[in-house]
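> Quick one: structure below, then a few questions.
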Amino acid sequence: MEVFDTTIIGGGPAGLYSAFYAGLRAMNVQLIEAQTYLGGKLNLYSEKIIWDIGGIPPMPAGQVITHLIDQAKTFNPVIRTGETINGIKKTADGNFQLETSKGRTYLSKTLLLAMGNGILDPIPDPFFTNEGERLDNVHVSLTDFERMKDKRVMISGGGNSAVDWANALAPIAKEVILVYRREHLKGHEAEVEKVLSGPVTCKLQSDLISKTLTPDEAGIAAITVRDAKTGQEESVSVDEVIVCHGFNRKNDLFEQNEIGLTVFEEYFVEATSEAKTAIPGLFVLGDAAKYPGKVRLIAGAFQDAVNAVNAAKTYTDPLANAKGTVSTYDDKLKQKVSSVWENYTSEQ
């Protein structure tokens, strides 16, 4: 049976960049993702614009995913999707043995855990269904901004997602109404200030009381909103509704924890800033990692990936350099330079 130098569990930004960087360090790489698609949490807001990746112009999250996947495939890692890890144990010779949902067994010298906070499912809210059935104009994420053009859009929620959607849709929707039960929004400061001072209609300290369905009962036509301070109720006509009430998180690997990880708050693994855990050869990175100074941004996930791969490399080969060289000196990448320049110049 083939033994991989490293197996990356999780195909979000941290995992995908790890696959690239491990290839850069001449490691034999396998990446396993539970979902049938790659990109992790970015898929929940593929139409949102990502601004805070250094050196990258603002672009939709879906496009960021495409670039990450293309980069991850540079050194031809084995990528498996739609497969979950059911069990991990160490063999007598120190390798990790993985058992998966497809009845397969894999061996790996090291493991990189990049599962984020696990599989995310929107928290269900019966208010936004019709006798348990999903309604056509109710969304928990958006993949088609064009659908919102010139529409009256109500957003329920007050966290980062709700605030970001409100700001993103304000220029194209006929009207955006943001309804939140608390007094203060919880998004990033600049985004909150923007939503409060812009064209978005904000109804804070307000509750959704009842809904009126469309004639075919397939969607919501209006929602009654009550001001918690005054008790006044208002029926608000809507074309589309976005529900931002958070997500349930599932991570069976951490819940079972047969291998003995130090897990905090169910979804975080204690690690060092070099991605090391209490288990030799097992490293954690991205949103799953917990250590002083951890940066919970995509940029932070990239740094975690580099540290985790470097640690895995020296674990498998103690004589290897502790850090990799910069990409411009890599012989394998030099062979690709001409094609990269051709693509670059053709786009100018």
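Every residue gets a Cβ built from N, Cα and C, even glycine.
Take a look at what TrEMBL says about it:
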DOMAIN    5-308  domain 'FAD/NAD(P)-binding'
BINDING   E33, K41, Y45, I85, L120, D287, T328  FAD binding site
> Provide the three-state secondary structure of I85 (FAD binding site) computed with DSSP.
strand
> As a test of the contact definition, list every same-chain residue at least 6 positions from Y45 (FAD binding site) whose Cβ is closer than 8 Å to its Cβ.
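Counting only residues 6 or more apart in sequence, the Cβ neighbours of Y45 (FAD binding site) under 8 Å are A61, S141, L142, S161, D164, W165.
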> Give, as a single whole number between 0 and 100, the mean pLDDT over the domain 'FAD/NAD(P)-binding' (5-308).
92
> Taking the residues E33, K41, Y45, I85, L120, D287, T328 listed for FAD, what is the greatest CA to CA distance in Å, to the nearest whole number?
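Binding-site diameter by Cα atoms for FAD: 37 Å.
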> At a 10 Å cut-off from the C-beta of L120 (FAD binding site), count the other C-beta atoms across all protein chains.
17
> Around the C-beta of I85 (FAD binding site), how many further C-beta atoms are within 10 angstroms, looking at every protein chain?
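21, counting other Cβ atoms within 10 Å of I85 (FAD binding site).
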